[in-house]
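Visitor: Below is one structure. I have some questions about it.
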């Protein structure tokens with residue numbers, strides 16, 4: 001008889017390895033960036049002539065930013081994971097749906113208002129040759145390809161889960177699989193499942209199947225969303241770490257704390273619904289929380305080598321930003337917002353649906369305002 005342990009997929013460790021490769025691959029690529037500015041000057045040249053260019057103050061701000069952003073990330077992603085102890089914040093509650101909608105709005109605005117504009121700025125920079133970069137909208141094209149590729153990966157990963165899952169063949173199996181959480185000790189471990197159940201109802205096979213399909217889908221969402229977040233977090237951290245512009249770094253720290261906290265809440269809600277074990281939750285929390293501080297530290301280490309307006313850096317960072325934007329757009333609209341708003345919880349409660357819409361607008365609006373400084 002298959003227990004819920006057999007339903008733990010093989011792909012999460014692979015996804016974790018991909019996250020490591022994404023972060024590590026940026027080191028040789030960005031270290032190869034040209035030390036000389038192709039535009040004929042040093043980066044942050046406008047600030048270099050004024051009070052904004054202050055290397056010691058910039059270093060202090062960046063050293064403060066690393067633990068501050070780390071703590072904000074940990075708090076944001078862990079709040080939903082600790083919500084089971086608070087009845088009002090449990091995943092089946094209305095407040096959880098509203099908070100998740102707010103966080104989804106933050107993720108949506110991150111893609112549209114922060115990451116995609118940066119990609120356009122990178123790939124249309126005057127530091128790049130006019131041909132082909134100014135003659136074709138590469139940022140939009142790569143974002144579109146990334147969204148379609150995310151759909152393809154989402155579909156293929158879900159197919160993998162569905163084909164590799166065990167199928168319950170008896171009432172006892174149904175009762176065992178009905179408990180799809182992390183602990184196989186719960187539910188009918190004795191496997192009788194005759195329906196009298198000592199007051200416990202045995203789930204119907206169709207209900208169990210639907211529950212398991214949704215669980216597998218939630219796990220796919222977590223993996224794909226985390227990859228997109230990691231990519232743009234490393235890029236943002238790298239830019240902050242390499243900059244010597246105090247006027248840019250100071251507001252960026254505050255904006256990144258806001259961004260990481262609420263983006264973490266969205267990711268944490270998805271992790272909670274995916275019902276991963278403690279080890280996998282820890283891995284996902286670790287990668288989300290440390291990627292931006294890692295990017296800042298990487299930027300500090302490459303300050304003398306990395307030039308953010310060299311052609312190599314502009315192309316690499318611009319393409320990564322465009323791909324990340326397409327992924328975030330798809331995940332926010334399709335997997336998070338559409339899935340929740342078309343689901344039975346919000347469809348069955350108009351008041352809750354309106355509250356969730358308002359939360360999306362507030363989250364997206366707040367993150368859009370942050371685009372003025374970051």
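Positions of Cβ are set from backbone N, Cα and C atoms, glycine also.
Under the heading compositional bias 'Basic and acidic residues', Swiss-Prot lists 179-188. As annotated by Swiss-Prot, region 'Disordered' applies to 166-199. For 1-33, the entry in Swiss-Prot reads signal peptide, with the evidence type sequence analysis. Look at Swiss-Prot and you will find 34-62, 114-137, 241-251, 304-313 tagged as topological domain 'Extracellular'. The feature topological domain 'Cytoplasmic' is assigned by Swiss-Prot to 84-92, 159-219, 273-282, 335-353, with sequence analysis given as support. Summarising the annotation, Swiss-Prot assigns transmembrane segment to 63-83, 93-113, 138-158, 220-240, 252-272, 283-303, 314-334, 354-374 and lists sequence analysis as the type of evidence.
Each of the listed features needs to be described in terms of its position in the shown structure.
Guide: Residues of the same chain lying 6 or more positions beyond the ends of the topological domain 'Cytoplasmic' (84-92) and with a Cβ under 8 Å from any Cβ of it are 99, 269, 272-273, 345.
Away from its own ends, the topological domain 'Extracellular' (114-137) comes close to residues 37-39, 143, 232, 259, 309-311, 314-315, 317-319, 321-322, 324-325, 328-329, 367, 370-371, 374 of its chain (Cβ-Cβ under 8 Å, at least six residues beyond either end).
As a whole-number mean, the pLDDT of the topological domain 'Cytoplasmic' (335-353) in this prediction is 91.
Here the transmembrane segment (93-113) has long-range neighbours at 80, 83, 87, 225, 232, 259, 262-263, 265-267, 269, 324-329, 331-333, 336-337, 340, 345-346, 349, 352, 355-357, 359-368, 370-371, meaning same-chain residues at least 6 beyond its ends whose C-beta is under 8 angstroms from one of its own.
Tertiary neighbourhood of the transmembrane segment (220-240): same-chain residues 11-12, 15, 18-19, 22-23, 26, 30, 62, 65, 107, 110, 115, 150, 153-154, 157-158, 161, 249, 252-253, 256, 260, 263, 266-267, 270-271, 274, 276, 284, 287-288, 291-299, 302, 306, 308, 317, 320-321, 323-325, 327-328, 331, 335-336, selected by CB-CB distance under 8 Å and a gap of 6+ residues from either end.
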Visitor: With pairs 6 or more apart in sequence, are the transmembrane segment (252-272) and the transmembrane segment (314-334) linked by at least 3 Cβ pairs under 8 Å?
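Guide: As far as Cβ distances go (cut-off 8 Å, pairs 6 or more apart), the transmembrane segment (252-272) and the transmembrane segment (314-334) do not touch.
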Visitor: Sort the residues of the topological domain 'Extracellular' (241-251) into helix, strand and coil with DSSP and give the three counts.
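Guide: Across the topological domain 'Extracellular' (241-251), the residues distribute as 8 helix, 1 strand, 2 coil.
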Visitor: Please work out which recorded stretch in 63-83, 314-334, 354-374 has the most C-beta pairs separated by under 8 angstroms from the transmembrane segment (138-158)?
Guide: 314-334
Visitor: Short question: which residues 6 or more past the ends of the transmembrane segment (283-303) have a Cβ under 8 Å from it?
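Guide: For the transmembrane segment (283-303), the sequence-distant neighbours (Cβ-Cβ under 8 Å, at least 6 residues beyond its ends) are 12, 16, 19, 23, 26-27, 30-31, 59, 62, 65-67, 69-70, 73-74, 77-78, 81, 222, 226, 229-230, 233-244, 256, 260, 264, 267-268, 271, 276.
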Visitor: Which residues of the same chain, at least 6 past either end of the transmembrane segment (63-83), have a Cβ under 8 Å from a Cβ in it?
Guide: 89-91, 96, 99-100, 240, 249, 252-253, 256-258, 260-265, 267-269, 271-272, 281, 284-285, 288-290, 292-293, 296-297
Visitor: For the topological domain 'Extracellular' (114-137), how many residues does DSSP put in helix, in strand and in coil?
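Guide: Its residues divide into 14 helix, 0 strand, 10 coil.
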Visitor: Per DSSP, what is the residue count of the topological domain 'Extracellular' (304-313) in each of helix, strand and coil?
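Guide: Across the topological domain 'Extracellular' (304-313), DSSP assigns the residues as follows: 3 helix, 0 strand, 7 coil.
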